Structures are given as C-alpha cells and as structure tokens.
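*Asks:* What Swiss-Prot lists as N-myristoyl glycine is GLY2, and the listing cites experimental evidence. Taken from Swiss-Prot, the feature domain 'PPM-type phosphatase' applies to 23-291, supported by sequence analysis. Residues annotated as Mn(2+) 1 binding site in Swiss-Prot, with experimental evidence given as evidence: ASP60, GLY61. Positions annotated as Mn(2+) 2 binding site by Swiss-Prot, on the basis of experimental evidence: ASP60, ASP239, ASP282. Residues or ranges marked as phosphoserine by Swiss-Prot: SER375, SER377.
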Amino acid sequence: MGAFLDKPKMEKHNAQGQGNGLRYGLSSMQGWRVEMEDAHTAVIGLPSGLESWSFFAVYDGHAGSQVAKYCCEHLLDHITNNQDFKGSAGAPSVENVKNGIRTGFLEIDEHMRVMSEKKHGADRSGSTAVGVLISPQHTYFINCGDSRGLLCRNRKVHFFTQDHKPSNPLEKERIQNAGGSVMIQRVNGSLAVSRALGDFDYKCVHGKGPTEQLVSPEPEVHDIERSEEDDQFIILACDGIWDVMGNEELCDFVRSRLEVTDDLEKVCNEVVDTCLYKGSRDNMSVILICFPNAPKVSPEAVKKEAELDKYLECRVEEIIKKQGEGVPDLVHVMRTLASENIPSLPPGGELASKRNVIEAVYNRLNPYKNDDTDSTSTDDMW
C-alpha cells in the first residue's frame, strides 16, 4: 500500500547508546514511499526497579503513522505497568513477563480505539510491532505482524520471529471464523498482515473477542535464556528490510560489517542503503543490539575491505576509460561489475553493499554528469 516518489528520500535518522552490557545503533529511511510511517523505541534501563532491563522495538505503520507513533511512546508503559506483568512482589517471573506483554498489547489497542473515537473519529492506520525485552537472564522476543527479529548466536541465526501473514493456516482459520476471507494473500483482499495494532476497521466483528477478529493485536512472545558466551547480536527490522534480505543473509552481512567497524549507526546505515539498492521500495528501519560477545573489529578484515574498495575504484576507472568517447552511465558500470567474479564482496550484501563506493568514484570521474541520468532506481540494474 502507499504511493511512491520519483526519487527515494535517502536521509536517515540515527541513534545509538549503551548500557546494561549492551550497545545499540539504529537507522531509518523513508526511501521510495511518499510518507515515513515507521517508528522505533530504544530504552536502556527501565523504571520501577527494572534498571537492569532494556527494551527495543520497531513499528511499521500503514495507512498512516498515528498508531506507530503512539505505540513507540506508550507501548512499554502499557506492558510494564499492568498487573499481569508485575505479578507478586519481587522481580517478575518469566510467565509474568509473557502474560504482561500480551496484556499490554491488548490494553494499548483498546485504549487507542477509545481515544481515536472520542477525539476525531476512528483512526484507520495500523502498525506491526517487533521488539525485544532484555532482562539479565532472558531475552523476550515480541512480534505482532510481519516485521521480524532475529538472534545471532555463535555466528548463526539461533532464533527468528515468524511473520503473521493471512496465508498462514492458523491465521487464515481465524480470519475465516470471523467472517473474512484471504484473497491475493491479503485480509479481505486488502491488508497484507493478519496481526497488527490499530486497523480498527478489521476489528468490529460482533460476538468475537479482540484476539478472534479479522486482524488480531495479540503478539507472539518467546523467551530465550541468555548465553553470555554465545549471544552475539539481535536485529529488529521492518519488512522493507526483509523483503530483499533473508535471515542468514542479513546475519552474515551484519557480522561482516562488525568486523570492519564498531560504529553501530554506520552498520545500520549500510544495511538500509544495501536494501535500497537491492530493490526495497518500502520505508526501512533497523535496530542492531550487540551483546558483549559480538564480533570485534579485525585488522585483517579491515585490510581486506580497503583492498576491495581500492579494487572497485580501479575497475570503475577502467570501465569508464574503456568506453572511449562519452561516459557510460552508472547503470552500465554496475551491470558490468555485476557480470564479473569480484572476490571478497561482503556476504549477504554483495555488490549492492558497495554501491556507495562505486558511485563516489563514478561521480568524481564524471563531475558534470546530468543528474537525470543517474537514477537511484534499481529496476533491471544488474
């Protein structure tokens, strides 16, 4: 859903921080979409005796940004302040936390519905949500919709959330039981996710509870015991990222970037840029959370990266010189490079992850190019 721009908006919003033995960075980009509907939350050290806990989440809005923005500001409070989460005196148990997360989602969804109807009529926007609540002993993965989170442990994808799509058999059964249908893999032929916050037009079937509606606000929650030796990093991202990169691809790419820089904002920016150049047409947001045992910068990897960049610079110069009269356009350069067996390209990112390096050399050698010929579109690029 949503209209597209003539050129992508590539300006990024960044943030980073550290605490509780964690480091995080994030990046978000509007991309080709007419509006930016993503939002995010990053909190290290929670109030009310949970100073050693942290919370991170990505919200992918649709049909507007209102629900995503409200959730990024208030969902955490709804989770930690309800009685199911607090339980009895002392630190909440695993079951307290899981029940509290579920209750928090249902409460904020109902609160937004009532608030929307009172203020200005029903808000038709909605949002997916993917997040992690990290305690000293556990990582709680939270998912509602088709954004995704994964845990990289011991250099492999150890866990990833499951997308809530209407075509999923259990989701489809609930939709049909509520009187709906799944057409072209969408709820009633329209909405591409089967669980979300907001989307109140899909939550008005009389006689059905909130988790039995066409679209459910109920999250899936998984608790994973932390492993100090093996846990490396967590990635949370909206579907604008996952549309063009698989779980293993993104895990490998991030790991390779962490071996050449400890700047987590830079790593996230590279993820977003690479996904844009791989053809993503959606808003893009990614949060990278690193545990103490995350990959460290390797002098050997840094050297190989510099050698690769130098090689690409030389090849771009050669391609342009070989053309003779008339400078080839950037698409021609990219296609030529894509046809070659270039060693040491970043795993998962491949040539797309080096587009900025290639373009910088191209622009330096061709400073008087016509901007109209230098499209950022990736359609049929290579």
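Every residue, even glycine, has its Cβ placed from backbone N, Cα and C.
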*Asks:* Within the domain 'PPM-type phosphatase' (23-291), what mean pLDDT does the predicted structure show?
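*Replies:* When the pLDDT values over the domain 'PPM-type phosphatase' (23-291) are averaged, the result is 96.
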*Asks:* Per residue, counting other C-beta atoms within 10 angstroms of the C-beta, which of the binding-site residues ASP239, ASP282 reaches the highest number?
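*Replies:* Of the binding-site residues ASP239, ASP282, the most buried by Cβ count within 10 Å is ASP282.
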*Asks:* Cβ within 8 angstroms of the Cβ centroid of ASP60, ASP239, ASP282: which residues besides those meet this for the Mn(2+) 2 site?
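*Replies:* Here the nearby residues are ASP38, THR128, ASP146, SER147, CYS238, GLY240, ILE241, TRP242, ASP243, ASN283, MET284.
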*Asks:* Taking the Cβ of ASP60 (Mn(2+) 1 binding site) as reference, which residues of that chain separated by at least 6 in sequence fall under 8 Å from it?
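*Replies:* Listed in sequence order, they are GLU37, ASP38, ALA68, SER127, THR128, GLY145, ASP146, SER147, CYS238, ASP239, GLY240, ASN283, SER285.
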*Asks:* Three states by DSSP: which one describes ASP60 (Mn(2+) 1 binding site)?
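*Replies:* Its secondary structure by DSSP: strand.
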*Asks:* Per DSSP, ASP239 (Mn(2+) 2 binding site) is which: helix, strand or coil?
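*Replies:* Assignment for ASP239 (Mn(2+) 2 binding site) reads helix.
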*Asks:* To the nearest whole angstrom, state the Cα distance for the pair GLY61 (Mn(2+) 1 binding site) and ASP282 (Mn(2+) 2 binding site).
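*Replies:* Rounded to the nearest whole number, the Cα-Cα distance is 11 Å.
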*Asks:* Would you count the other C-beta atoms found within 10 angstroms of the C-beta of GLY61 (Mn(2+) 1 binding site) for me?
*Replies:* 27
*Asks:* Under DSSP, is ASP282 (Mn(2+) 2 binding site) part of a helix or a strand, or is it coil?
*Replies:* coil
